[in-house]
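Trainee: Please find one structure pasted underneath; my questions will follow.
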Amino acid sequence: MEQDGGGYVSSNAEEYDAAPSSGLPTPDGPDVWRDTRPTSHSYVDEPHANQPIERQLSYRQPGLNPAAEETYEAAFRLIQLAADAERSGSPLQAIQLYTDAGDVLIKVGKREPDPLLKQGIRQKANEIMKRAEELDEWYYSVQESARKAALPPQLQIQRTQVPRVQEAWQGRKPTLSQAPEFTHMRYTAVSTKDPVKFSDDGFQLRVEEAGKKIRVFITITMYNEEGSELQGTLKGIARNLEFMAEQWGDRAWESVAVAVVSDGRTKASASCLDFLAGLGAFDEEIMTVTSMGVDVQLHLFEATVQLVRDDNFESFYPPIQLIYALKENNAGKLNSHLWFFNAFSEQLLPTYTVLVDVGTIPGPTSIFKLIRSMDRNPQIGGVAGEIAVDHPNYFNPVIAAQHFEYKISNIMDKSLESVLGFISVLPGAFSAYRYEAIRAEKGVGPLPEYFKSLTTSTRDLGPFKGNMYLAEDRILCFELLARRGRNWTMHYVKDAIARTDVPETLVDLIKQRRRWLNGSFFAGLFAISNFSRVWKESGHSLSRKIVLTLQFIYLSVQNVLSWFLLSNLFLTFYYVLTLTLYSKYPALLAIVLGIYLAIVGGIVVFALGNRPEKRTAAFYSFSYVFMGLVMLVVSVISIYGLVADVSVTDPRDDLASCSVSNFELVGGVVTAIGLVFASAFIHGEFSVLLSTLQYYFMLPTFVNILGIYAYSNLHDLSWGTKGLETAGHGAAKVAQGNGNLKEIVAQQKRIEAEKQRAAQEKEDVDNSFRAFRSSLLLFWLVTNAVWMYCMTYFVSSSCYLKFISYVVAVFNVVRFFGSAVFLCFRIARRLGTCGASRSGKSGRNYQAHLPAEWQAHYKRSSNATTETTTTGNGQQTYVGLNISDLSSPAATNYRNMEEVR
């Protein structure tokens, strides 16, 4: 092993003279190599028996055919036994087992026909032999009395350089395919358990070793999504890199890195791994061999790839510096962000970080516009783009209603919040942060609060904070706003659009919204109750603090109204139907209202005792269809009564009525519906017309089914659709002593006692969470029932409907005003930019915020195009960049480093 750049780079096992040459392609040789071996099976999935070491060695009987032992399985088992022996304090056994494993690997390597795998096996054999030598030297250098207290030498970093697996290109090869970082993929078995210690433990990313300054660092988080979804997201990023090259210069891609963090090795889909293997950014067999004997937490693959622009392989997108981080265990999306921020970003120190969910496809300029927004205004700490439904199916009410909801939320809510300076949530599916704004300083800052649910036990968090951290992105936004001594704000970038898939069935929608609703409710309460920090701790100006105070008053009233949304929806139905049906069809009125209340009660029962699945889908489907029809009938009656000027009388004569003028009637309709459409039209979003009917049909479902299910499952802190099961190299291992039977039995008893204690604690926590759920659910239902009772018995229909109309009017007027002001600011900024452009100032002002090496390449012309040409000697260039002219300091440093390797 030879140390290089703070890590350890494995040698080629040249000392084994008997081993044949691998015959691997070199950077100067052919760069097309195809692996025909199946990769669906990994030897790290083979567990060994949970027995003492001495008993497990019984399979190595003298009469056993030696050839039967010379297999991958035998070598892996020996390495696992050696690692167990080392951890249990039996170094002599570990030395012998490591030596035996190395011998087996050498013999297996001689028979391996695949040259790449042969090289990996020989390299692993060398590392295992080295480990045996290190343990042997340590054992005889430490006095016997101090041997138990002394620590053996730390296991060196297991790292492998792998020639890229490339497709047989049909036509031109990638423009930069001969550069060293394109011809080799690097694999590292990361054993660091705490991502914060990633750099301290000697691990270093390849772009960091190359001396590249990463300005934009993008993460794609994924779980078990298909390869086509990852391909779509990467292509969206590649299109943005192409636009960045037009704006910032040919080498803009060198300042951008992409980290794909996959949550769990056994959870990753086969199609996704196949896609990455086709790119040359994943190799399961090399991962299996290299990680033998290592307590792997993360499998790290690093490669620079180019995606093809078309099926003919005639042109390519700019290179992507890709980091594929495959976590060994499934620990959740937040843990993936923990690796991205605390391990990778803390090492690279990027200027901006961009969060993208796999399957979300950024527009061709969306990422660039997010970054440009923060470049132009150094006060902006975070930005959000528009999340749009990808190809909405208007014939599916579930999808169409979400399309309407997403559009109106962006047009009215995010626009208003952007004008005021605080966006309550920057969605993790597509948003960007200035890393300086969220980075921890001495363990304090927005990021530590963002990850608090990972660093604090569920028992210590409690049910309130546990639900609050289901919306950890909302906590991050508030911590960013209220950061001590700083005046960070947030901004909505309207034309930074990213398209994503949404739940297509009601069952999937219920699962998703349970976490959203509970998290947003408790996170909202947290932000409102801690707003004083904005005045006491933040560095915002007095005028900004006053504006933020008004915004938080608005949010407080909004939270109160959302609490009583269940009862107010029923009261609206009750009064409209009573005024229409009571005098002529009292029986029909009683039946409709009775079924409605019975459905609400049934939803509570189903939500408490069942998870949404196929067996409960029939009830939920009937409920949402019935309540949707009631909603449409009430809407038609209201519109008809307004247009036909029909007068109705409240049957309860003893209640004082409120007069409603024609102006108030027209104003109520205009503010309730007209301002929503007006906001959409001035923003150019005419597609909302195609989904309005579906949204109002689904509105009772959003209020009743989703709301009741959310409050009925406050004890559930999971993400709903993704479990947090763990998956390691095999079955859990029984702790082992030094071979003494009594010690092994005693240790096993201690483990069993610890398991029982943990199980009891888990049961206590679960019971306390369920008690909190039941109490809050009961309080919510009782308060809504009391409100319904008071309104129906003490307030006339005209007074109640007039009150609701005014409340809706005030909120919609505020939202419309914010939407219009946001649009005015946007138009003014564009007009100002155009005017400055004609005077030659705009480009210089924007250019001043860019890195020095980019300023010379900045082009003000929006008509710049990307071209791929061929020089006279047949060599390709990308936007004027000749592959033979890789003369930048970072490229030269990187090329020299790879040649030394």
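Our numbering is plain: 1 for the first residue shown, then up by one each step along the chain.
Note: Cβ is positioned from N, Cα and C throughout, glycine not excepted.
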Trainee: Going by Swiss-Prot alone, which of N487, N518 is annotated as N-linked glycosylation site?
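Mentor: Candidates were N487, N518; Swiss-Prot attaches N-linked glycosylation site to N487.
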Trainee: When Swiss-Prot marks a stretch as transmembrane segment, which of 256-275, 516-535 is it?
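Mentor: It is 516-535 that Swiss-Prot annotates as transmembrane segment.
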Trainee: Of the stretches 663-683, 688-708, 803-823, which racks up the most C-beta pairs under 8 Å with the transmembrane segment (624-644)?
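Mentor: Top-ranked stretch among 663-683, 688-708, 803-823: 688-708.
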Trainee: In sequence order, what residues of the same chain, 6+ apart, have a Cβ less than 8 Å from the Cβ of N487 (N-linked glycosylation site)?
Mentor: Q379, S538, G539, H540, S541, R544
Trainee: As a test: from 516-535, 560-580, 588-608, 688-708, pick the stretch that has the greatest number of Cβ pairs under 8 Å with the transmembrane segment (775-795).
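Mentor: Against the transmembrane segment (775-795), the leading stretch is 560-580.
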Trainee: Find the average pLDDT over the domain 'MIT' (73-137) in the predicted model and report it.
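Mentor: 78, rounded to a whole number.
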Trainee: Quick one: find which recorded stretch in 516-535, 560-580, 588-608, 803-823 has the most Cβ pairs under 8 Å with the transmembrane segment (663-683).
Mentor: 803-823
Trainee: What does DSSP call N487 (N-linked glycosylation site) in the simple three-state scheme?
Mentor: coil
Trainee: What does the DSSP secondary structure composition of the domain 'MIT' (73-137) look like, as residue counts for helix, strand and coil?
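Mentor: So the counts come to 59 helix, 0 strand, 6 coil.
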Trainee: Under an 8 Å Cβ to Cβ limit, what residues of the same chain, 6 or more beyond the ends of the transmembrane segment (516-535), are close to it?
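Mentor: Same-chain contacts beyond the flanks: 424-425, 464-465, 467-472, 474-475, 478, 481-482, 545, 548-549, 552, 555-556, 559, 562, 706-707, 710-711, 713-714.
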